[in-house]
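Taken straight from Swiss-Prot:
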TOPO_DOM  48-454  topological domain 'Extracellular'
CARBOHYD  68  N-linked glycosylation site
CARBOHYD  95  N-linked glycosylation site
CARBOHYD  120  N-linked glycosylation site
CARBOHYD  169  N-linked glycosylation site
CARBOHYD  173  N-linked glycosylation site
CARBOHYD  285  N-linked glycosylation site
CARBOHYD  413  N-linked glycosylation site
CARBOHYD  424  N-linked glycosylation site
MOTIF     601-606  motif 'ITSM 1'
MOTIF     624-629  motif 'ITSM 2'
């Protein structure tokens, strides 16, 4: 090139000198272009003419590495080589040969284009792939290269607060970080909205925002994307991370307001020119309640979604105070009010602390007896209120000198002597909004002098009533007996065939008062062979007895005797006539009616009501019925073994 230029300068220009020169340049350019074309064709034929084709796949999905081979091309064979070694070998009209077992069932080659298809992608499948294509009647092997990237399907990005810094002008510098779980590479991050007060760093995954309480609380959204997917995060309000800039730099605690659970409360701001104020913002935890001039109070959308009660919190249009209805326990805490100017700067700040208490129920007192000895009663009392919490104060009245109070004054140990009056203790539970008390009666635990006196009086009255009852019963029974006459049977009527009684057969009768008689007729004497001189007289001797007195029949010594025995009450009777025998009692509390047919003698035996003691039996050989009268006398108690009939009884004949 240099020689022609120098040579051209020495020649003088002529009329046709320029044409030969142009034709030489054209010829040279044509030769150069032809050479470059063959060079490019050779490079393309060897497969080194272009960069690898980039292909992206999703983890667990499928991908195809395409080959642009026309249908008319005669292919001898195609070999696919993976990141480490040969993968597959394919020939026309033959089955594909898989050379790596880890790809069995996941790898395939299309029939006409010989493209490579991989399914169920894994992270190990990423890398470089090469296809060697051999054509018939063509000596050069054509190569195609691919680069495979395998990406995960992105999950929803998560935004976290990394740091908060508070400046002196009530502003906060909040740093947010966006991340996607399981995706650390090839992920691009972006934030919306883009504001002049916000800046991004670290590939867009970190956002730093500077704001004041008076600035609008805009929602920030993080978007993450990779070649196969794109996801966005939930809106994040940075105002929730900077709700107390004044207190963070040492502001005052302000006023304390006490509220009652379930009732309304007002947090005062005392701002007379509330209507002329540009904006008032109340902050509480993650809640923001703001009111702009000539507008109703608005709450953060995040607050409304969490609050089941609509319009439960609002800012008063009169003095910009914060009003809360139906207080909940979670409403307690610090509140901060900021008054803003037109330039969104803070002009004043107020702190209010809200405390919430329950109205107390009636206290419950439980007690346990420690021990009671030496006349001293010692007990432990515990006072508690259901759902009272840790803010309940307990007091005991009256409080003795020896009493011991513990566990926040809810536990009391007290003692007293049995000779002392029992103290009635009162537990009072109180909190800042309510007060309730309950009295404990200690007389129900240990017996004292008053209780002993009452016990003895009660026992005495019971004994008196019992005695009066017994005495009344005895009087009633006595009157009942005296009203019924007692008598002995008169002479029985003899049957027609029985002769009249003779002098040797006399019937005696005795009239007695106040004695019990057997109400069961005597059993007749059994018929036995007797002499003709004996008269059989049915005396029909009948005595009356209480219905509940059983009747007993008992044989004695082979004879049957019927006793009509009556004992007369009173001590003012004349002594018994001569021959009258005093008989000792026989077998008390048993009524016996005996009939004996032996020597024509019949006796009847009756018990009195007082002692239930029978009179001894007597024996006689005559056919006579006797009544015996016994005078009251003091007789020693009978012995069990002394139930014998006197050997020589004497009777008096009243005939």
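The backbone N, Cα and C atoms fix where each Cβ goes, glycine too.
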Local Cβ density at residue 68 (N-linked glycosylation site) - other Cβ atoms counted within 10 Å:
8
Between residue 285 (N-linked glycosylation site) and residue 68 (N-linked glycosylation site), the C-alpha gap once rounded to whole angstrom:
63
Need the DSSP three-state call for residue 173 (N-linked glycosylation site) to compare against my parser.
strand
Would you mind reading off the Cα separation of residue 413 (N-linked glycosylation site) from residue 169 (N-linked glycosylation site), to the nearest angstrom?
58
For residue 95 (N-linked glycosylation site), what is the tally of other C-beta atoms lying within 10 angstroms of its C-beta?
8
Surrounding CB atoms that lie within 10 Å of the CB of residue 413 (N-linked glycosylation site), all protein chains:
14
How many neighbouring Cβ atoms, not counting its own, are there within 10 Å of the Cβ of residue 285 (N-linked glycosylation site)?
14
In three-state DSSP terms, the structure that residue 424 (N-linked glycosylation site) belongs to:
strand
For residue 120 (N-linked glycosylation site), which of the glycosylation sites 68, 169, 173, 424 has the nearest Cα in space?
68
Taking just the CA atoms, what is the gap between residue 68 (N-linked glycosylation site) and residue 173 (N-linked glycosylation site) in Å?
56
For the motif 'ITSM 2' (624-629), the mean pLDDT of the predicted model:
47
C-beta crowding around residue 169 (N-linked glycosylation site), within 10 angstroms:
10
